[in-house]
């Protein structure tokens with residue numbers, strides 16, 4: 001982590017766990033993905049930068065999933081699990097039942113595998129994560145709900161969008177200012193589940 005990075009410095013000053021907090025702040029300010037009272041499912045939650053922002057907005061239950069541990073965040077049920085684990089469906093459904101959640105208003109994914117520096121491999125891995133997130137999410141997202149996913153842009157991005165955009169009224173691609181400029185990282189936003 002570059003300790004001279006302005007978002008890193010700002011995150012430390014404002015008590016956010018990561019510079020990624022500013023990505024979700026910017027995206028939500030622009031697209032109004034989450035609102036007060038929303039129930040949210042979050043993938044790739046550790047260390048909790050997005051979770052802090054989401055909880056501050058929704059002041060409602062968040063179910064957060066990550067393969068890495070995460071320190072507690074208010075109103076958050078944390079599931080430490082790999083999203084490719086067969087039990088992920090059961091674990092999420094159990095957490096939903098325990099918290100009287102029928103469907104989610106919004107589902108957010110900042111999940112990413114470790115990068116290799118090989119662009120095609122990193123893109124493919126991010127594509128597979130996004131596919132898995134969508135497989136988990138579509139049956140659990142309410143009509144009118146929204147999804148955000150991080151992906152390394154590449155030759156399968158258009159195919160991914162074409163496959164899933166039919167479930168929504170519209171989609172957007174964005175790259176927040178807090179994303180590193182040289183990164184191929186983008187956020188795909190699917191809005192208003194049909």
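Glycine is no exception: its Cβ is also placed from the backbone N, Cα and C atoms.
Record features, source Swiss-Prot:
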type	residues	note
BINDING	48, 50, 66, 82, 110	S-adenosyl-L-methionine binding site
ACT_SITE	150	active site, proton acceptor
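Between the CA atoms of residue 82 (S-adenosyl-L-methionine binding site) and residue 150 (active site, proton acceptor) there is a gap of 17 Å, rounded to the nearest whole number.
Among the binding-site residues 48, 50, 66, not one has a Cα within 10 Å of the Cα of the residue listed as 'active site, proton acceptor'. The recorded positions in question are 50, 66, 82, 110, 150, and the one with the fewest Cβ neighbours inside 10 Å is 82.
Within 10 Å of the C-beta atom of residue 48 (S-adenosyl-L-methionine binding site) sit 24 other C-beta atoms, taking all shown protein chains into account. In this structure, residue 50 (S-adenosyl-L-methionine binding site) is part of a helix by DSSP.
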